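Structure first, then comments.
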């Protein structure tokens with residue numbers, strides 16, 4: 001929110017009246033007196049100018065700080081992370097095929113690159129950061145707990161599989177890499193360490209068993225060694241590289257390729273090796289390249305002075321034990337055995353969880369915020385969060401994170417609380433949390449510059465309350481982590497109040513997402529990015545008098561969670577205050593009054609809306625032969641319920657369980673869900689009714705539909721959760737809810753498994769006409785909720 005500029009008033013300076021000249025009463029003899037030289041004679045005019053400029057700049061800075069104060073973070077919560085978190089290595093670089101670091105800003109970064117050795121001189125296509133353009137047929141963690149170990153397969157099209165397994169141990173880690181590629185092919189694998197802070201230095205060792213030495217203020221002295229399996233040694237050569245240059249973190253792979261040279265020995269195939277001419281004895285980037293055959297296996301061990309080297313059999317045993325414990329807990333929690341799922345469905349289920357946990361990331365640094373018209377650094381932040389997609393969205397998203405943690409909490413509720421606490425620490429003193437956490441240079445490298453700044457008046461769905469609702473109603477979690485829940489309660493309430501105040505609507509019980517563009521002409525329906533539903537149709541002509549159904553429902557859920565927390569951890573006044581908010585926001589009669597249409601039999605947004613708009617080519621002024629697609633309104637807009645767009649947004653009263661189980665309105669909602677002309681498909685619920693004029697409609701000439709027909713798993717999960725609730729409640733519609741639940745679950749599981757088997761991935765969304773996966777892939781985010789959908793404890 002912009003502050004009003006205060007006028008700066010200066011006191012008026014009145015000119016003094018001239019003094020009257022007095023006549024002397026006596027004549028005084030004049031005695032010449034030596035006058036001092038004017039100060040300007042010994043003071044340079046250049047110096048005067050510099051001083052004036054400095055004074056002006058100082059005044060400007062002080063005035064700017066007064067009128068435009070900086071964003072200020074809340075004080076961090078007491079640390080709830082494990083004591084050894086800064087020293088414990090994990091896969092906290094989710095954008096990489098295989099990368100490790102610790103949860104400390106001082107951690108060195110470990111990474112792996114590889115490419116197939118060309119037979120002719122050319123620039124190799126190197127794999128490093130996850131990239132859809134690499135066109136890999138599949139890569140996923142098939143077992144991973146997000147803390148102690150992981151097992152991953154990376155498939156190369158028609159060439160074979162690279163397997164990466166890892167474990168951590170005290171202050172170090174060990175990894176095993178296996179290449180099982182097509183015969184006759186050769187591969188180069190590059191392993192590197194890079195420094196994040198000045199005090200970290202690396203040196204080269206003398207052989208592979210002592211390949212790197214390093215020092216770091218966090219870890220102390222450490223070494224990295226490579227151990228090749230016997231049959232691998234015979235067909236392996238290696239080269240090393242060390243530099244003290246400052247390399248941009250997103251250009252590591254380019255730097256490696258630029259410093260690679262072709263070596264063509266007589267009667268030998270062409271070999272690419274690293275340039276080993278080193279001008280530095282120590283540096284902040286160090287790499288070793290292994291030239292391997294198609295079948296190879298080697299171990300990587302990073303250890304501090306305090307630890308002994310790990311033997312191959314020790315790695316194998318520890319990995320086996322951790323894998324066993326993971327699988328045992330997995331089955332105890334989700335209980336999929338004996339449920340008649342196919343092998344493909346069971347494989348997809350475990351991959352969905354493992355990818356979610358194996359893609360949890362750690363970031364440190366500032367993000368950028370557009371505050372009072374100026375982009376400012378905001379931070380520093382420490383973010384511990386899952387991500388939606390390793391290649392496309394490898395960073396924290398506030399609206400996604402609540403869904404991520406719905407799954408993670410089932411295996412590791414402590415990890416969920418650590419993630420929620422890190423998001424609460426990103427809050428500013430007013431209660432705002434950035435909707436997208438693009439923190440640090442690695443995260444920024446994956447985002448176009450114009451999309452990096454966040455706006456501090458824009459909210460996002462408070463989905464963390466969705467997972468908190470489950471945590472505070474779980475007796476085991478409450479008993480074990482009461483202290484953490486007590487710490488989180490004031491932050492959650494602050495966030496809740498910020499949303500209620502800044503996103504308020506025209507009346508007390510209505511709310512409006514900020515950020516819609518009232519003047520844009522090139523969009524069919526101006527987007528509501530803050531809602532998370534992006535191009536889902538709202539009122540066609542944005543105004544301050546509109547209000548939004550989903551936001552009202554999110555706040556109703558949040559009020560219930562806060563009341564539960566206040567009862568356990570707040571004062572009597574806290575409890576009374578939250579009870580009042582809960583009663584107001586969960587009042588069904590009020591919801592019906594504000595949002596229900598008896599004629600259309602649905603809940604809807606309200607606003608300035610036209611039922612007759614279209615994107616049409618309009619001649620460009622001054623260039624009659626050129627056209628621009630603009631919104632053309634054939635019928636004047638009026639203030640009304642937006643009843644020509646029924647879809648995901650309109651299901652929120654049911655999804656968040658605000659409709660009484662005996663209300664006829666519930667029957668109407670169930671009927672619309674099951675109607676193939678509206679939302680029902682054989683693959684899941686589509687995002688908007690087929691009868692809506694917005695179904696599969698482009699929002700601009702260049703923007704295809706997004707939330708206008710395709711099937712999204714997070715909302716289907718919310719619908720299933722509510723169906724399970726209503727099927728268990730007394731009322732005339734419980735049998736109908738049970739039947740729809742069973743059919744919808746079966747359709748989702750069958751289609752996602754079909755697409756997983758066909759493509760090797762979970763996808764961002766799915767086509768409502770064919771069931772095919774769409775958008776970015778692999779989508780390790782809320783599409784992984786398919787595992788909860790498959791389990792019987794979907795909503796506990």
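A Cβ is built for glycine as well, from the same backbone N, Cα and C atoms used for every other residue.
Looking at 47-67, 68-88, 89-109, the stretch flagged in Swiss-Prot as transmembrane segment turns out to be 47-67. Among the glycosylation sites 153, 340, 517, the residue whose Cβ has the fewest other Cβ atoms within 10 Å is 340. Across the structure, residue 340 (N-linked glycosylation site) and residue 534 (active site, proton donor) are spaced 38 Å apart at their Cα atoms. Every protein chain considered, the tally of other Cβ atoms within 10 Å of the Cβ of residue 534 (active site, proton donor) stands at 14. Across the region 'Required for endoplasmic reticulum targeting' (70-130), DSSP assigns 3 helix, 18 strand, 40 coil.
For the recorded site, residue 340 (N-linked glycosylation site), the DSSP three-state label reads coil.
Look at residue 517 (N-linked glycosylation site): DSSP puts it in coil. Residue 153 (N-linked glycosylation site) sits 34 Å from residue 534 (active site, proton donor), taking the Cα positions as reference.
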